Amino acid sequence: MKTKYSYYNNQLTLIHQGKIVFLKGFIFRKRNLGKTLFFDLRDVSGIVQLLVKENNPQYDKIALIKLETVVQIKGQVIERINKNPDLPTGDIEILVSHIEILSEAQTLPLNVFQSQESLEETRLKYRYLDLRNPEVKHFLIQRHHITQSIRQTLLKNDFLELETPILSKSTPEGARDYLVPSRIYPGNFYALPQSPQLFKQLYMIAGFERYFQVARCFRDEDLRSDRQPEFSQIDIETSFLNQDEIMSLTEEIIVDLFANIWKKPLLQPFLRLTYQQAFELYGSDKPDLRNPLKITDFTTFFDTNTYSQNIFAGKIKGFKVSKTAFLTRRKLDEYQLFFSKHFNLKLFSFVKKNDKIIGGISQFIQDDSFLKNEEICFVVSGKKDIIHKALGIFRTKLALDLSLVDTTQEALLWIVDFPLFETIQEDLSPPNRLYSLHHPFTAPRDATILKSNPQKALANAYDLVWNGYEVGGGSLRINNHQTQELIFSLLGFLQEEVQNRFGFLIEALKYGTPPHGGIALGLDRLVMLFTKTNNIKDVIAFPKTQSAKDLMLEAPSAVNQEQLNTLKLQLKCNFN
């Protein structure tokens, strides 16, 4: 609580001119003009300029103050001669009469004012200094505002903010678990939750009906620019709402965010595509619709006779673009290498000039009306699933190379009607073994085909995609034990394994379970998108490196033998 003479920096304006104020903060920048000293004082609200004149009895002492020293100052608000329109306090400055050093800073390992220019390793090791940079701090302040907006939307819809345990049980959710050994039960382990999935379903069984929390989740998986081993999600579960109602609620959350964070309107309802449509049009289940390229079927324009069947092994699909001048021979060779190396596919390209098709397969084109002059066409042929996946990746690359993405727009859409199961052919497990595309608690759209044709089953699942990022995923859940046990059986779980790992859930489903479903929104990704950064580490206070290390804490680290003995653990290998 501030005293009546104290202010945050950004509260001060010309209406305070002549007032004596007390301010506290960090010395951010300083300039010595001989008979006058100028300092920038930074607090959590912003920056204000301090003026120290030569007649100040502390002048010599103040001149020696190092950057990032924490001070308290007393001074008078005066009008600034050279105003700074880029600062909220740019019309005023503080004529300092007294300064007290609260904590002196040593020589800094990085320049706080320009910390983004330091090596990432240095920034992460001294993250508490990096976070002093106002631009870096802005990411976390926005994170707060985003979280608060979501919370307010849910509270006005009668949701309860409830917690779930961190020490949990290992369950299959698609990634490796972080395990915590038990001292009391030697040889047994807790698992850090990959999500609060089962607990939030138990809340519904307990009759709470509307739950949410800002949940911490942990997944031991390979990292990338938008993924960390621990992350936050807005976890939501409801009873008695159908899929459309949950999606509508989620849209309300996002619309409120656009209004509160960007002061922009957002139209509802969002576009919806089925999983099949998304792959056939864009080659991805999380397409960036700011990219105008769509996969087109050109098969009917080709003469697929016996001879050409040696070249075309199925449907002929691809893209056509008009920016031919930007595509060099080297770039075309790079594209061909991509398809051959990663997908064992042959990429064909041809261009239309002066009403004539030029390219290696022009003799097979029986109708060139699909192509305009100066347009280039890229096509591949093969099995549908393979060419869609390949073209989806190529679509992103081609749009990036040709600057086709309209970055002034925001593209949100739903992907629905996912398959309930998938098969992973590369796996060493038995062929055609089924795996849950989302998780094994997702309700099927039609449970009657589970026994006869489970591969054709669709899921009551929905993903929210924003500019090519999956920012949310949810589903309706199974609410009877018979269907849940059948799903486990189809996934290859033995009865004993089901009982050991999910017996509590099967038991709970027997005592009256409301129809329920929910969604989890990736908070880190949402903040990343709202702050227009490409690196998720920017929006996390203390992130890990790409190799899952905390450089500041030097974690993970070895523990001493006494700790291992207490847990009755013995290391199999010495990795030091």
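Even glycines carry a Cβ here, placed using N, Cα and C.
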Scan 197-200, 257-260, 337-340, 537-540 against Swiss-Prot and say which stretch is down as region 'Aspartate'. 197-200
Per Swiss-Prot, member of GLU470, GLU485, GLU562 binding ATP alongside ARG219, ASP220, GLU221, GLN228, GLY522, LEU523, ASP524, ARG525: GLU470
Take the region 'Aspartate' (197-200) and count its residues per DSSP category (helix H/G/I, strand E/B, coil), listing them in that order. 4 helix, 0 strand, 0 coil
ATP site span - longest C-alpha distance across ARG219, ASP220, GLU221, GLN228, GLU470, GLY522, LEU523, ASP524, ARG525, in Å: 19
If you count other Cβ atoms within 10 Å of each one's Cβ, which of the binding-site residues ARG219, HIS438, ARG477, ARG525 has the most? ARG477
Whole-number mean of pLDDT values that fall within the region 'Aspartate' (197-200): 97
At the level of the C-alpha atoms, what whole-angstrom distance separates LEU523 (ATP binding site) and HIS438 (L-aspartate binding site)? 19
Enter the number of other CB atoms within 10 angstroms of the CB of GLU221 (ATP binding site). 13
GLU470 (ATP binding site), Cβ-centred 10 Å count of other Cβ atoms over all protein chains shown, is 15
